[in-house]
Amino acid sequence: MAVQGEIVDKAAAMVAGPIASVDWLVIAPVVLPIIGGAVLLLIRHSIRWHAVLALVVLVVMVGANGLLLQRVLATGPVSMTMGSWLPPFGISFTADVLGAAFSLTASLVAFVCCAYSLRDIDATGRRYGFYPFLMLMMAGVSGAFLTGDMFNLYVWFEVFLISSFGLLILGSDKAQIDGATKYAILNLVGTTLFLIATGYLYGTFGTLNMADLATRAGQIGTAAPLMTLATLYLLAFGMKAAAFPLNFWLPASYHTPPVITGALFGGLLTKVGIYALLRTLVMIFAAERLVLAGLIGWVAVATMLIGALGALAQSDIRRIAGFLVISGVGIMLAGIALGSNGGLSGAIFYALHSMLALSALYLLGGLMRQRGGSFSLHSLSGLYGASPFLAALAFIISLAVAGLPPGSGLWPKVMLVRASLDSGAWQIAAAILVSGFLATVALGRVLILAFWREAPGDKASSDKTAAAGPMSAPGCSALVVLVAAMLAMGVLPEPFIRLSTAAASGLLDASAYIQAVFPAGSGS
Amino acid sequence: MEAVFAILVGLFFAAGIYLMLSRHIIRILLGVVLFGNAVNLLIFTNGRIIREVPPIIAEGLDVPAGAVVNPLPQALILTAIVISFCFFCFLLVLAYRAYQEIGTDDTDSMRVAEPVDDGLPPMGY
């Protein structure tokens, strides 16, 4: 903001030269799905093209995200400010290792889910716009991961939220309407809290650029209500992430839509909340996070245990998955509570793992439904005999979600337990281990009842429920891709640990991020 | 002037939260509207409240000559109003649809997605 009476050099406010074409990579993951969604809306009557076009866009998105991550790893954070303005006057998009890694994993999960949906979403679902909604949701999610501006982050939250409403009620089942009502109202309250915090933030700092905020938060002095801001952000993003006392919208809604929507939501949406918490509490309000650390720690413990206990009490596999999503949110919150490099890299690694693993768990539920005719543990049985292939996938997914080797959940938990013992937070270490044990029991029960239990003898195999049938080939191959990625993460964790450590260091020491937005190092 | 607005915003928040604590969806929605407008007013107040001075920079100057209202918060509100209005419309339709499907707008009896008598998973083979 220009100070009164100073002479302002206009050249300092605008970009003079043309923008290098490689810089466009920063916004490509957002622009691609928006264009894709718009085109899909234009051709909304030609539904046979929808899935193909969505798949193509998502493949290009994965490629763009991959290139972006490679560039960020090689040269540090990249930034681009809209409308040729210089920051902080324009809206900046800034990709660092954290944002690029999350964005890449999210687009990969979306691609896999889209492949799964080829058989799962029927003509009615396509006509009502499943694929345009999917595209716009991905635009919102990528935008949230890559933006460098707080208000813009709010806008992307709203973009993926409204698209998720569309996906959630697609089909207009009674249970869907019920779940969507709770999901929509509570999430709207959550984003409104986010907007309140952002209003105060602008009033306090006079800037919304994250790099600018990170620079100024340390210099603004004790008179500014930074503690209030940090607490409001914790409340708002805690609600979006489904942390314990604010989590009730998630188990009410995630099991109601088609399983593919559950997979997308369970994999991606809560992680956006976690990402926003990392960005605000760790990078911008570092000193305030230290004060809140005790509170966040106990919230994390409660979230982990409530999630795992909830999973134990369910008999519908989608509801088990919903509660395991919550348990995973607790584990990531634990890393934010610890705040050390080890804890944060554990949380980031866990977030990458859980995007894959929880989507895989929902998709597994879908395939079990296709093969066994039900989601309920009361009626599923004999799946091992029916499909050993599905049983093997289910076994690996269960290991990964519960955090047992060789699944991908082991290493982030090891990092987090070590980090919490290093900082003397025994209750966090204990909660991670206990919730892992409870998740093992819950998923072990799925394996025993649905796969190992013999199909009831009195009703011979001819008496399968009408819904049971062969599994869809795209569904199986989608799940195989996810399981392969999870196994790679579990067996060769080194590159992922390096990646998460780099992302955590980039948050703890934001100088490279700030340098990318303000190359002169001048702030504003 | 700011003090009056601050009190108004506080009243909006109080009324909005009170309504949102109700069990009936329609009251919750009215609460959501008040809550959203409270935020809009809050951001509006953030940008300084002065009458009849447009934020226009005179020719030959680089900054405004006197104190003017910061136009950025108003731009932010414009975005927020559009978004919250869309959401409200969507929620109204959704609530009406829920009333049609489930036959109630009392949140205590909206238990289709999470049935009360769900029971425990099988305890053994």
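Using N, Cα and C of the backbone, Cβ positions are placed for all residues, glycine too.
Unlike curated records, TrEMBL annotations are generated automatically.
Copied over from TrEMBL:
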- A:148-438: domain 'NADH:quinone oxidoreductase/Mrp antiporter transmembrane' (DOMAIN)
- A:24-43: transmembrane segment (TRANSMEM)
- A:50-69: transmembrane segment (TRANSMEM)
- A:89-116: transmembrane segment (TRANSMEM)
- A:128-147: transmembrane segment (TRANSMEM)
- A:153-171: transmembrane segment (TRANSMEM)
- A:183-203: transmembrane segment (TRANSMEM)
- A:223-246: transmembrane segment (TRANSMEM)
- A:290-313: transmembrane segment (TRANSMEM)
- A:347-368: transmembrane segment (TRANSMEM)
- A:380-404: transmembrane segment (TRANSMEM)
- A:424-452: transmembrane segment (TRANSMEM)
- A:473-492: transmembrane segment (TRANSMEM)
Beyond the flanks of the transmembrane segment (A:290-313) by at least 6 residues, Cβ under 8 Å: 227, 230-231, 234, 238, 242-245, 247, 251, 281, 320, 323-331, 333-334, 336-339, 425, 427-428, 431-432, 434-435, 438-439, 441-442
Paired segments the transmembrane segment (A:89-116) and the transmembrane segment (A:424-452) in contact, 3+ CB pairs under 8 A: no
Sequence-remote partners of the transmembrane segment (A:24-43) [C-beta within less than 8 Å, at least six residues beyond its ends]: 49-50, 53-54, 57-58, 60-61, 64-65, 67-68, 71, 78-80, 93-95, 103, 107, 129, 131-133, 135-136, 138-139, 142-143, 146
Within-chain partners of the transmembrane segment (A:347-368) [C-beta distance under 8 Å, separation at least 6 from its ends]: 98, 101-102, 105-106, 108-109, 112-113, 116, 120, 259-260, 262-264, 266-268, 271, 274-275, 278, 317-318, 321, 324-325, 328, 331-336, 375, 380, 383, 390, 393-394, 397, 400-401, 407-409, 411-413, 415-416, 450, 471-472, 475-476, 478-479, 482-483, 485-486, 489, 493, 496-497, 499-500, 503-504
